[in-house]
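Listed in TrEMBL for this protein:
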TRANSMEM  B:6-25  transmembrane segment
TRANSMEM  B:46-72  transmembrane segment
TRANSMEM  B:84-104  transmembrane segment
TRANSMEM  B:125-152  transmembrane segment
TRANSMEM  B:158-181  transmembrane segment
TRANSMEM  B:193-216  transmembrane segment
TRANSMEM  B:236-254  transmembrane segment
TRANSMEM  B:319-348  transmembrane segment
TRANSMEM  B:369-387  transmembrane segment
TRANSMEM  B:393-417  transmembrane segment
TRANSMEM  B:424-442  transmembrane segment
TRANSMEM  B:448-470  transmembrane segment
């Protein structure tokens, strides 16, 4: 799979960030509920971006 | 905190910041700042580290430490979710960044609106985008300034009055822009970003320690304010409200010209990568810290009259030593200044490049730059006047800014992915959606139960696609635009493929 296609995984994380806290976690009033979920989503977004942009190389046109 | 401590701290901060701004100037031998792309884009030669810090400081205004903490105080963990979705939206840079960068380099664009105008072959598109950006972003800057005024007045107990605070922030913003254009803005932004993150993290750490640690803080919340740890929680973040807030902010990195213009500036794609990753790491920490401020205030001071008192109360509490309080105060002022000076500079480049130069064709580059430089203080003074006047209209325009700027998004996405997009489609989408959003806010911000934040992107997309389908695209400029992307990024892929290191890794 082309590296750039992994961006769809980012959009999937975004979708889950809407769905999970409003459904599965709406009754978990502890730190390991929505707070942890969104924190993990944030870390996942960083990791995915690091991976997707690995091919951004030096571009010298001069 | 005493008045002399405050003024001394401001003086030291200014001295360091001005020193950095002066050092950021390029020597004339290197081309200096005497062209539009030199002054407004740093000659497209900005390195990744400075770009990352500056992108962060520009994106995160004073809103975070005051507004997000307050939002968490009032609405609970939903505020964190809102910021995380915005934060995820910056991944759009990984998709659109290289394309922006490639066409910017090929055609010498200075502003995102100039890019749209060339792509759709229409001066009106550039003018409409520029004027809409001014309508939304000048009031947004004014509200930022007013925020600084109130905060300084509040924290210092009136030692710095509202007007002094507002005027001080405006003068500093103009000054940072003038020394070397975007270069001095980006270097001073970097200083401000470091100040913001260090000071706010220290405060969060100290306060949480004083409340018995992370575990104790969350135990208190779980027993005394259990709803603050869930959504919809205390009620502020119903799903519809959450959608209305997050959808416009998700597109922030494309819709707001002061950040999308940054995609033209990195010296290479590697620098762009550093900018993106650097921003994400910074943004994640800063978001977490601001949310923890809000939670700490809720645990320690549960009965505040208004949620936006959360930050001032925390800073004035015994948890935070006075010196750190002053540093945070300056950090918040710096956060506002770093957002405003970038907005001023971007709007000035748009007014001069996309409005003035289109109204007066064949005007020289030098003349455009002169006009741009004259527009900077005009925009600053308008923001200052609006901040002082405290008009209701300005507050409405400011709140409408994120929803209104979404008007540009379909035309921008279409520019890169839909050859069938037309000038009429782009123009109708930008003008129609801006007017629609303003009308929504003027009439209570609800249509069929949904806010402008949700409707904006729908209306903009329908107008762009619908009108494009019944009009004809300009074939030559469309082809040239797509060919340029393929050429610039294709050359790069060939280079990567020929790179021995890559070949080795592939085996």
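Glycine is no exception: its Cβ is also placed from the backbone N, Cα and C atoms.
Proximity of distant same-chain residues to the transmembrane segment (B:158-181), defined by a Cβ-Cβ separation under 8 Å and at least 6 residues beyond the stretch ends, is recorded for 3, 6, 10, 14, 17-18, 21-22, 24-26, 33, 38-40, 42, 145-146, 148-152, 188, 333, 336-337, 340-341, 344-345, 373, 376-377, 380-381, 383-384, 387-388. Counted over residue pairs 6 or more apart, the CB atoms of the transmembrane segment (B:125-152) and the transmembrane segment (B:448-470) come under 8 Å in fewer than three pairs, which marks the two as apart. Here the listed stretches are B:369-387, B:393-417, B:424-442, and the one with the most C-beta pairs under 8 angstroms to the transmembrane segment (B:448-470) is B:424-442.
Proximity of distant same-chain residues to the transmembrane segment (B:236-254), defined by a Cβ-Cβ separation under 8 Å and at least 6 residues beyond the stretch ends, is recorded for 59, 71, 74-76, 78-79, 81-82, 85-86, 88-90, 92-93, 96, 260, 402-403, 405-406, 408-409, 412-413, 449-454, 456-457. Remote same-chain partners of the transmembrane segment (B:46-72), defined as residues 6 or more beyond its termini with a Cβ less than 8 Å from a stretch Cβ, comprise 79-80, 82-83, 90, 144, 147-148, 151, 182-183, 185-187, 189-190, 192-194, 196, 200, 228, 236, 252, 258-259, 262, 265-267, 270-279, 282-283, 286-287, 290-291, 293-295, 297-298, 306-311, 314, 328, 331-336, 338-339, 342.
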